[in-house]
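Structure first, then comments.
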Amino acid sequence: MIVLGLETSCDETGLALYDSEKGLLGQVLYSQIKLHAEYGGVVPELASRDHVRKMIPLLDQLLNDSQVKKSQIDAVAYTRGPGLMGALMTGALFGRTLAFALNKPAIGVHHMEGHMLAPLLSATPPEFPFVALLVSGGHTQLMAAYGIGQYELLGESIDDAAGEAFDKVAKMMGLPYPGGPNIAKLALQGNPETFEFPRPMLHQGLDFSFSGLKTSVSVQLKKLGEENRDADIAASFQEAIVDTLVKKSVKALKQTGLKRLVIAGGVSANQRLRERLEHSLSKIKSQVYYAEPALCTDNGAMIAFAGYQRLKAGQCDDLVVTTTPRWPMTELSRPAEIIE
């Protein structure tokens, strides 16, 4: 089965082809970073328009690069949510229309389920069950995953997501969008022990809170005034985020008794986070798994793969185009429940 995956939840237009026998046949990705950089963040209307502009050229490029004909596509998977309504609708309408024209099934995929399953595309994929740390611009969650659609929410951010905190602090510091990679780069030049920023809720269950940390950075920047300590600020802020994510992940593993941690989402590409996780998990004889670098950010491959997992169990959507900007993963059903 060859599945076309379409990702348009925010500011990246990603398309990919996944073959159930050969694996990933190819993928293309167009990032709107330059488009939104001058605004310091994503402008939903501009994002939607750019998805419309890029969808067909990217599909043509993907088919050409992969040497696959449209007629060979067996199914279409698109991001149904969560995400920006207009951006989601663009991908959903395109995917549904293409599937209808080809007389093939289509399925809407949960964006974060796609992220969580992306490490399964690696050369050494994790086996279920595992704990998943999902960290992106819109989500920070710890999930226990026992199988496709068998997810238990262990903890989540009660305010800002980790990626959102990175972007907001970067904006305070005058760094360009997107903030996460730029803070990480600047942090390499700084001392993470210079400023003792708070780790909110560190010892309170498995939920996260990053708004207080963001406020603390703002206060410190005002105190410094014209004094340039940006590298130390970046390093200390990043360390506070990483410290919280690592300690909560270790706590989740101990609480569930599981020995495998999957980390996914855009923030999972952060090298300091990876270093700290590998060090901490080695102490408790647990393993950590990541997606390949190209699959950490939003992409079509994770949507194609997640879609295939459900399509092979008999799940598909009807002709009604549905998008769900707010969609908890715990509301997803097991594929077996759908065909029983």
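Any Cβ shown, glycine's included, is placed from N, Cα and C.
Swiss-Prot names LEU134, VAL135, SER136, GLY137, GLY138, ASP167, ASN270 as substrate ligands; from the candidate set GLY114, GLY180, GLY190, the record adds GLY180 to that same site. Matching ASP298, ASP317, ASP318 to the Fe cation binding residues that Swiss-Prot gives (HIS111, HIS115) identifies ASP298.
Per Cα geometry, ASP298 is the residue among the binding-site residues HIS111, HIS115, ASP298 nearest to ASP167 (substrate binding site). Neighbours of HIS115 (Fe cation binding site) among the binding-site residues LEU134, GLY137, GLY138, GLY180, ASN270, defined as a Cα within 10 Å of its Cα, are LEU134. Here the CA atom of ASP298 (Fe cation binding site) lies 15 Å from the CA atom of ASN270 (substrate binding site). Across the residues annotated as binding substrate (LEU134, VAL135, SER136, GLY137, GLY138, ASP167, GLY180, ASN270), the widest Cα-Cα separation comes to 17 Å. Sorted by the number of other CB atoms within 10 A, the binding-site residues LEU134, VAL135 start with LEU134, the lowest. In the three-state DSSP reading, ASP167 (substrate binding site) counts as helix.
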